[in-house]
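If you look up Swiss-Prot, you'll see K22, S23, R27, S165, Q167, D313, K340 marked as 3-phosphoshikimate binding site, on the strength of sequence analysis. As annotated by Swiss-Prot, phosphoenolpyruvate binding site applies to K22, G94, R122, Q167, R344, R386. Look at Swiss-Prot and you will find D313 tagged as active site, proton acceptor.
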Amino acid sequence: MKSVRVQPASNILGSVSFPGDKSISHRYGMLAALAEGTSRFKNFSTGADCASTLSCMEQLGAKVTHKDDGVIEVEGVAGQLRKSATQLDCGNSGSSMRMLSGILAAQPFDSELMGDASLSRRPMRRIVDPLKQMGGDIETTDGHAPLRVRGSKLTAIDYITPVPSAQVKSCVLFAGAFAAGITSVDEAIRTRDHGEIALKAFGAEVERRQNRVSVRGGAKFRAIEAVVPGDISSAAFFLCAAALFPTSNLVFDGILLNPSRAAILDVLASMGAKPKFLQVQEQHGELVGTITLAPAGLSGLKISGGLTASLIDELPVLAAIGAYTRYGIEIRDAKELRVKESDRIAVVCANLRAMGAEVEEFDDGLRVKGSQKLHGAEIESHEDHRIAMAFAVAALRAEGETVINGADCVAISYPEFFDTLNKVVER
């Protein structure tokens, strides 16, 4: 595994754009493969996770073409997926495995999905329960991957999600698009809504009311052309970096501004770093725009409840910069972090302590004391892309050099991360 050395910075300046949003790219890739016609996407995610989704859809009969101008074309199968001759390898991608299981549960053939060692430790019973309620036949390996999915005729259900999970919601809705009747999902805490937006964009009949979303079975998907908005979860690392420097000036071009994903902007604003919206438009139901950030001394805050669910991917970087805020950052109701690519609560705490921070670990979160000075250290990524990027940001204000071990894991979601960071950092 590769190590990267990060030196302290004096400022953050420039203009940045980001690879296509990972959550949207997954869903577009799957639905385009099911659609009639050829879909064309600009700025599709360059990460390994979304490459896993496209590879699986190719094994199931879709044709994926990478054009010289960066456009990705997906020639769909008009709802007629074919059985894969081999296991479907989802790599490190929980999104690929969970959402694709919903689609495969309704197909007239059997499938097996596998993943790498990290993915094979992540919980899968959360999708098995609703799919079985719909009449699906799916087996896990002690609640984990590999998964064996036997195609079945599905019946619509009303499902209440036991944990906030957009992947589970999309899994059930994707299965519901093939089921008899109208399938509904109710959430106590609303999660990102890219699945339902994408279903509607591709032609499914979708209805949304507050925290309830429904899809009518028998959907016929049609191809679309789209520019995938820049991934705001990737932009979050640069938003937090810019917020650390009082004279920073960074323009964020073409990033996703979906309200279910933009909580990072609200949180930074509440701590004193207010975003300025230069341009906003809608594309296939998704808001996208160009913004800047007015940096200020960050006050700190407590994150809990629904806000935790809205920030699940951004929590590591917020925790990593917590020591630089005035009053610190506390995160609660975040047990889900323990079953991500790493135990992100334990790993964040260990790495912050390595940099000299005072941090308290809870079963469901952590508390980072504010107004601390951090020093450079050896950081262990545990092959978790968000850990590597979070501590690269923390290193920008630390005293001395920081070494990120296993830094090449950023390829999971943002292969260009360190190149982009070097372009905007002044030292």
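Quick reminder: no glycine exception, Cβ is built from N, Cα and C everywhere.
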Spatial neighbours of G94 (phosphoenolpyruvate binding site) among the binding-site residues K22, S23, R27, D313, K340, using Cα within 10 Å, are K340
Three-state secondary structure, Q167 (3-phosphoshikimate binding site) (per DSSP): helix
Whole-number Å only: compute the distance from the Cα of Q167 (3-phosphoshikimate binding site) to the Cα of R386 (phosphoenolpyruvate binding site). 18
Hey, what's the widest CA-to-CA gap across K22, S23, R27, S165, Q167, D313, K340, the 3-phosphoshikimate contacts in the record, in Å? 20
Neighbours of R386 (phosphoenolpyruvate binding site) among the binding-site residues K22, S23, R27, S165, D313 (Cα to Cα, within 10 Å): D313
Within its own chain, what residues at least 6 apart in sequence put their Cβ under 8 Å from the Cβ of S165 (3-phosphoshikimate binding site), listed in sequence order? R126, T191, E336
Could you round the CA separation between S23 (3-phosphoshikimate binding site) and R344 (phosphoenolpyruvate binding site) to a whole angstrom and send it over? 20
By Cα-Cα distance, the member of binding-site residues K22, R27, D313 nearest R344 (phosphoenolpyruvate binding site): D313
Neighbour-count leader, CB within 10 A, binding-site residues: K22, R27, R122, R344, R386: R386
Hey, of the binding-site residues listed (S23, G94, Q167, K340), which one tops the CB count within 10 A? S23
Suppose we draw a 10 Å sphere around the Cβ of D313 (3-phosphoshikimate binding site). How many other Cβ atoms does it contain, all chains included? 22
Can you tell which of the binding-site residues K22, R27, D313, K340 lies nearest to R122 (phosphoenolpyruvate binding site) in space, using Cα positions? K340
